[in-house]
Amino acid sequence: MFIKISKKIALCVEYDGTKYHGWQRQADALSIQEELEHALSQIANHSINVFCAGRTDAGVHSTGQIVHFKTNTQRSIEAWTSGVNTNLPDSISIIWAKVVSDKFHARFSATARRYRYIIYNNHLRPSIFINGLAHIHYPLDEKKMEHAGSFLIGEHDFTSFCDSSSQLSNHRRNLIHLNVIRQGKYVVIDVKANAFLYHMVRNIVGNLIDIGCGKKSSSWMKTLLLAKNRILGLATAKAKGLYLVEVDYPLCFCLPKSPIGPLFF
């Protein structure tokens with residue numbers, strides 16, 4: 001008797017989240033998950049369910065989302081990349097695919113997530129990549145912003161930066177790095193942590209912008225962190241400048257490494 005052997009496949013997925021209501025499948029709204037599962041199911045000839053490293057919000061992009069799925073269909077890696085891409089809209093693309101150990105899980109095996117927030121800092125608005133950038137027309141002091149961000153490095157209770165609707169009992173996270181870099185008219189906020197709370201990155205960025213434009217001092221970030229009060233830090237940055245750019249895993253899984261994006265400047 002012929003027995004089909006199930007295998008687990010990991011994918012790196014890039015997407016422009018502009019027209020989607022976030023990663024997660026929804027009954028009455030377009031999602032990244034729905035589009036990806038549909039495209040994979042066409043190649044596999046059976047229904048595919050995917051699991052991701054991080055469920056991005058509506059309008060958020062990715063250059064390094066990691067997902068996994070199981071299938072007993074025998075296909076080449078080319079089929080799981082180029083083949084799947086032919087069934088995906090232009091706004092979603094598979095970067096690589098790899099057969100992985102059954103112990104691998106896109107979410108629970110991850111040891112860190114990394115995001116970048118891209119700001120076009122100029123008094124005149126841009127017309128190129130307008131859905132991939134946040135436009136801030138007043139001058140930002142990136143050095144002041146980075147100094148403020150340094151207060152968040154390490155393991156802390158990030159209650160002040162989570163969404164007000166959060167029902168989690170544990171808001172402690174370990175923030176590994178937070179860098180603010182200027183490249184001409186672009187200001188890039190690069191942040192990495194073991195995990196993030198809902199809206200945590202956008203709330204951090206929103207307060208960094210307030211500090212960068214002079215509304216708040218750098219020490220405000222420390223005050224806000226210690227207060228553990230979401231009401232004090234109401235600034236939330238727009239979704240469209242945010243990218244999930246990298247997910248870290250133990251070396252034993254031997255996953256490919258892609259360049260850290262977005263690579264348009």
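From the backbone N, Cα and C atoms, a Cβ is placed for every residue, glycine too.
Remember, TrEMBL labels are computer predictions, not curated facts.
For 12-108 (among others), the entry in TrEMBL reads domain 'Pseudouridine synthase I TruA alpha/beta'. Helix, strand and coil residue tallies for the domain 'Pseudouridine synthase I TruA alpha/beta' (12-108), in that order: 22 helix, 26 strand, 49 coil [DSSP].
Around Asp57 (active site, nucleophile), the C-beta neighbours below 8 angstroms that are at least 6 residues distant in the chain are Gly17, Gly22, Trp23, His199, Arg202, Ala239, Leu242. TrEMBL lists Asp57 with the feature active site, nucleophile.
Sequence-distant contacts (6 or more apart, same chain, Cβ under 8 Å) of Tyr115 (substrate binding site) comprise Asp190, Val191, Lys192, Phe196, Val201, Leu242, Tyr243, Leu244, Val245. Taken from TrEMBL, the feature substrate binding site applies to Tyr115.
Helix, strand and coil content of the domain 'Pseudouridine synthase I TruA alpha/beta' (152-250), in residues and according to DSSP, is 31 helix, 31 strand, 37 coil. According to TrEMBL, the feature domain 'Pseudouridine synthase I TruA alpha/beta' maps to 152-250 (among others).
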Per-residue pLDDT averaged over the domain 'Pseudouridine synthase I TruA alpha/beta' (152-250), given as an integer: 93
